[in-house]
Amino acid sequence: MSEFPQTVGAGRYAPSPSGDLHLGNLRTALLAWLFARSSGRSFLMRIEDLDRARDAGSAEPQLNDLRAIGLDWDGDPVLQSDRREDHEQAIATLQARGLVYECTCTRKDILAAPSAPHSPPGAYPGTCRDRTEEERAEARDRIAPRLPALRLRVPEATAAPTFVDQILGQTQGEIDDFVLKRGDGTIAYNLAVVVDDAAMGVDQVVRGDDLASSTPRQILLQRLLELPSPPDIKYAHVPLVLGPSGARLAKRDGAVTLRDLKAAGVKPDLVRAKLAQTLGLARPGETPTMAQLLERFDPPSLPREPHTWSEDLIASGT
Ligand code: GLU
């Protein structure tokens with residue numbers, strides 16, 4: 001099904017172009033590169049630009065920053081917005097099997113609805129799942145000109161998929177009837193990721209561990225669409241970088257992008273060295289090359305805990 005070159009396997013990095021990458025994003029990208037290159041895979045880049053409202057078209061500066069710290073990738077970056085046809089096709093495949101239904105609920109409706117017994121907190125309560133044709137038409141009329149979203153009808157008796165993550169170990173998560181396409185026509189993240197990873201021949205997914213809870217949904221989609229799934233697809237959800245408050249690093253946490261650091265006179269090589277230091281791959285004062293990092297890279301010895309970023313780390317070394 002692929003227009004992309006197939007290789008021995010591929011890893012990837014998939015940034016959303018919502019502004020400059022910060023040190024946490026750069027660290028995850030560095031890890032994705034190391035996982036892919038150290039296992040003989042190709043390394044691909046995909047720009048996840050489906051959320052038009054948030055994406056400011058800033059892919060180019062992100063790619064420049066990735067290059068500046070030493071990453072390279074194979075072929076041109078894939079733009080997720082160019083892949084609409086395949087996304088629609090996947091939804092049509094699920095639809096033909098009765099696995100998709102229209103949902104007219106707003107966020108508020110979902111919060112107000114009583115939750116189904118045994119369902120995880122925040123799960124979709126199933127309000128629109130079993131509507132008759134007539135009820136569906138009425139519901140559509142009621143929300144016009146807004147359009148319904150499309151949700152996956154998770155087949156009854158679907159066991160929550162489990163997978164063995166290279167960092168987190170055995171991992172499991174509950175699945176509800178999640179959104180495939182939003183009411184505004186935007187293809188949902190889980191659907192696009194699964195379809196695009198398969199089309200690009202990606203068999204190794206390395207990303208922040210904030211996305212680990214999405215993975216069971218993605219594995220279910222892989223199975224329903226008859227695409228490769230674990231153990232053929234490997235997952236590594238890597239610990240995040242935290243800001244001084246203990247929350248996930250954010251741009252308000254000071255000089256945390258290459259742009260900020262450059263303005264403060266810090267060169268990208270030093271940033272790479274400091275990121276490597278947080279991963280146990282470099283000693284203080286040392287500036288290893290990408291080839292040296294690759295030689296030293298050993299997934300089982302990676303830190304398992306989030307790293308709390310401290311500006312002192314940059315200030316301390318030249
Ligand atoms: N685009 C997502 C992000 O920037 C990553 C998605 C993925 O790696 O699956 O957080």
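A Cβ is built for glycine as well, from the same backbone N, Cα and C atoms used for every other residue.
Remember, TrEMBL labels are computer predictions, not curated facts.
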Residue among R27, R67, R207 sharing the L-glutamate site, where TrEMBL lists R12, Y13, A14, P15, S16, E48, Y189 as binders: R207
Region 'Disordered' per TrEMBL - which of 165-186, 297-318: 297-318
K251 (ATP binding site) and R12 (L-glutamate binding site), distance between Cα atoms, whole Å: 24
Other C-beta atoms that fall within 10 angstroms of the C-beta of E48 (L-glutamate binding site): 20
Residues satisfying Cβ distance under 8 Å from C103 (Zn(2+) binding site), sequence separation of at least 6: Y124, T127, C128, P148, A149, L150, R151, D177, V179
Alpha-carbon spacing, A14 (L-glutamate binding site) to C105 (Zn(2+) binding site), which is rounded to whole Å: 30
Of E48, Y124, C128, Y189, R207, K251, binding-site residues neighbouring ligand 1, Cβ under 6 A: E48, R207
Residues in the motif ''HIGH' region' (15-25) grouped by DSSP into helix, strand and remaining coil: 3 helix, 1 strand, 7 coil
